[in-house]
């Protein structure tokens, strides 16, 4: 038998041992690799899980992500593939949600911050808080406010109130002195705010006699507000029920305050005229109230014309003036009468100066209008006022203006709103004694200069139609 080459026993043992060790080494390397892979996988799962756990439940609800995709019932982690899928889905929906909410990515957010900073450095623009406007026609008696108020009363989508603060003046009394004006202004302002919010019930505390079951026959000048005399506010007429201030063109039952408040809320806009708001600064809380979008139109008129009109309309209050005019002697007018006239002019002037200074809270919310400009161009001024208020002017209002400003004769009564406006506004010049005009010019000089009313040097200039007592003014009246 042939003998082959054989390795020594020691070598064979060594080779066999090496093979066995190699197998164990390979197995050990495999185990280490698997262990490292599992550890990495666990770390990834842990990070994803932590991310998911940190997301508020509200966001999951907001973007309709199923919570079951995030955590299992037993709070254990799902497989990596399921978690990756859930996390990707959630991330996508969060992105969509952020876009819907106006939240931009970091770079876009930084751009927005720069844009906001740029806007803050720009002058404030006219307020555009919302579609509903709250227009206040701020005036004094005998300035033509009833006539100008009709520009808003005749528009069907505006709820208009005529002098609602009249009831407060008749009911609330204040101590005489300097606090009187401030105290009354605060009450007027607070009532005004509630009225703009269509809380007409606030008037029930001031109407005399007190309304019963929200019904009253004593709403001041109800007939001057179309909104209070149209359906459904105009309820069936009740026989033998006397209504002091009744509707003009139809017969209605007592005013139902609840129905009036509901009608106010249904209208697109709200407007009212008030001759008892004297200090513009008291309206700042209303201008800053987020529930309101206030527009103030201050109506002024030549103080000489105002006094001439008041002496006719309120003759009983001006007996002292008439006696002074009729007195051929040298006795002067009582100083307290002149001081009262001067105080009225100054309060009007100070409010106008505040509005024209354009403080931030009033910017875009104030307009100064001269009655003389309205009388000379009523349709043009109506369009300007509506543009300022942010309300479209309807043909209905334009037709009313055309018909009621070109009448052959002024309407009857001292409160008539039917006028030949282009001729009417200067009638006072031919009936006022020059010495009365001199008193007004001396007491109201600063206000007259601000509003562009020229002084009459003598009686001839006062009655000369070819001599204008009105300066032409530009568009600076709107701020």
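Note: Cβ is positioned from N, Cα and C throughout, glycine not excepted.
Cross-referencing 87-107, 108-128, 129-149, 150-170 with Swiss-Prot places the feature region 'Disordered' at 108-128. Cross-referencing 3-20, 21-38 with Swiss-Prot places the feature transmembrane segment at 21-38.
Taking each Cβ in turn and tallying the other Cβ atoms within 10 Å, the top scorer among the binding-site residues 306, 308 is 306.
The DSSP secondary structure for residue 302 (3'-phosphoadenylyl sulfate binding site) is coil. For the recorded positions shown (304, 464), fewest C-beta neighbours within 10 angstroms: 464. The topological domain 'Lumenal' (39-479) scores a mean pLDDT of 81 in the predicted structure. One residue stands out among the recorded positions 143, 256 for having the most other Cβ atoms within 10 Å of its Cβ: 143.
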